[in-house]
């Protein structure tokens, strides 16, 4: 085993990387509330894992979506547990994100030189809300259908561009297969990719600038 480690150490300098990670200075004022961002990340990772597991059974069509969710909950091995964990971690992610935003704001973590860290955090907040909207529609039940119909219908009040914007969101004039396909693609590919990119930017900035000091 030591020879394998030495082989990687010689080429990648693993020990230097580990020392840099473990020796990072942590200010003495840091408390449990500074863990809220990390908990949000953990919830996101749980979402990715459980969501990926459900893609093996979920069918993104208006005729089969609801039945496939029923199959996950009643027949697939541990499907009920995987979907329940997905829902619980989604709620937890939103709650932890909100508390994290309050903590950062109340401790002045958005001030110079951390403005860009705050901006990436705001983008992550928008992406998290988008996860909720798109995911809500996927079971294709009554609640999801009417929620999507209302949310996508909001831009219609905008003069001139309102109706085209609604059609862009829905993929057609009404909520149907095109809407479900778009929301499924957003929920399972586009939003996770964007979230991963902005999380990486967010953490690299924190890593570079360190944790903000006390007020």
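Even glycines carry a Cβ here, placed using N, Cα and C.
Taken from Swiss-Prot, the feature heme c binding site covers 35, and the record attributes it to sequence analysis. Residues or ranges marked as heme b 2 binding site in Swiss-Prot (evidence: sequence analysis): 86, 187. The heme b 1 binding site feature in Swiss-Prot is assigned to 100, 202. Under the heading transmembrane segment, Swiss-Prot lists 32-52, 90-110, 116-136, 186-206, citing sequence analysis as support.
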Distant-in-sequence neighbours of the transmembrane segment (116-136), which means Cβ under 8 A and at least six residues beyond its ends: 47, 90, 93-94, 97, 100-101, 104, 109-110, 143-144, 147-148, 151, 183-184, 186-187, 191, 194-195, 198-199, 201-202, 205-206, 209
Nearest of the binding-site residues (86, 187, 202) to residue 35 (heme c binding site) - Cα to Cα: 202
Mapped DSSP class for residue 86 (heme b 2 binding site), helix or strand or coil: helix
Packing count at residue 100 (heme b 1 binding site) (other Cβ atoms within 10 Å of its Cβ): 23
Residue 187 (heme b 2 binding site): secondary structure state under DSSP, collapsed to three categories: helix
Rounded distance in angstrom between the Cα atoms of residue 86 (heme b 2 binding site) and residue 100 (heme b 1 binding site): 21
Under 8 Å by Cβ from residue 202 (heme b 1 binding site), counting only residues of that chain that are 6 or more apart: 117, 120, 121, 124
Cα-Cα distance linking residue 100 (heme b 1 binding site) and residue 187 (heme b 2 binding site), given in Å to the nearest integer: 23
C-beta crowding around residue 86 (heme b 2 binding site), within 10 angstroms: 19
